[in-house]
């Protein structure tokens with residue numbers, strides 16, 4: 001988990017190197033989490049299909065890496081810090097329960113699922129980025145894990161509700177990304193937490209692989225739709 005946080009801060013540092021204060025402050029000042037495009041965010045955010053600089057860009061233009069890289073770029077320092085704080089608080093617990101490899105699988109599938117949802121459901125010219133696709137998956141993940149362990153979840157449900165209110169109440173938030181990450185994170189957590197012996201690891205690998213293939217299929221279908 002620490003390596004994920006370090007990577008996010010490293011990407012922000014690179015964004016600052018190319019975009020200066022604009023990369024730190026966001027489009028409307030430090031307290032705005034909305035888009036402040038820099039060369040880094042433009043290159044790695046989720047973008048379906050749009051033309052700028054004389055060329056077509058986006059996932060439908062063959063830039064599939066955006067479905068992964070978008071979870072590591074942020075529109076301003078506050079955007080980054082909010083996501084990293086949530087990742088640190090929840091991720092530490094989940095990593096301790098699952099171990100580093102399974103936690104990484106959960107984080108990746110939640111973030112990837114959220115980015116696929118953005119690509120599939122938003123207008124192709126509207127960009128989105130941030131680790132919140134992944135952290136939303138972790139929020140539902142910790143609830144599912146504690147439920148599986150028969151632990152109290154009463155203090156966790158308000159956290160989920162608050163994040164959902166935040167998603168729908170504030171402008172500039174990708175509802176599709178957050179809900180997509182929530183759904184993918186829930187599916188991945190169920191696979192990881194409820195796989196039973198014997199061959200638990202094999203069942204977890206197969207379940208997570210199926211989820212990944214489904215998400216890729218959705219992205220392919222969206223690409224065909226955009227290009228046709």
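Using the three backbone atoms N, Cα and C, a Cβ is placed for every residue, glycine included.
Per TrEMBL, the feature transmembrane segment maps to 7-31 (among others).
If you look up TrEMBL, you'll see 62-193 marked as domain 'Peptidase S54 rhomboid'.
Per TrEMBL, the feature transmembrane segment maps to 72-91 (among others).
Long-range contacts of the transmembrane segment (103-122) within the same chain: residues 1, 4, 46, 48, 59, 66-68, 70-71, 91, 94-95, 128, 131-138, 141, 174, 176-185, 187-189, 192, 204, 208, 211-212, 215-216, 218-219, 221-222, each at least 6 residues beyond the stretch ends and with a Cβ under 8 Å from a Cβ of the stretch. Per TrEMBL, the feature transmembrane segment maps to 103-122 (among others).
Feature annotation from TrEMBL assigns transmembrane segment to 128-146 (among others). Among residues of the same chain six or more beyond the transmembrane segment (128-146), those with a C-beta under 8 A of the stretch's C-beta atoms are 8, 41, 44-46, 70-75, 79-80, 82-84, 86-87, 90-91, 93-94, 97-98, 106-115, 117-118, 122, 152-153, 156-157, 159-160, 163, 174, 176-182, 184-186, 188-190, 193.
Sequence annotations record features per position, and here TrEMBL assigns transmembrane segment to 153-173 (among others).
Look at TrEMBL and you will find 179-197 (among others) tagged as transmembrane segment.
Taken from TrEMBL, the feature transmembrane segment covers 204-224 (among others).
Per-class residue totals from DSSP over the domain 'Peptidase S54 rhomboid' (62-193), listed helix then strand then coil: 100 helix, 1 strand, 31 coil.
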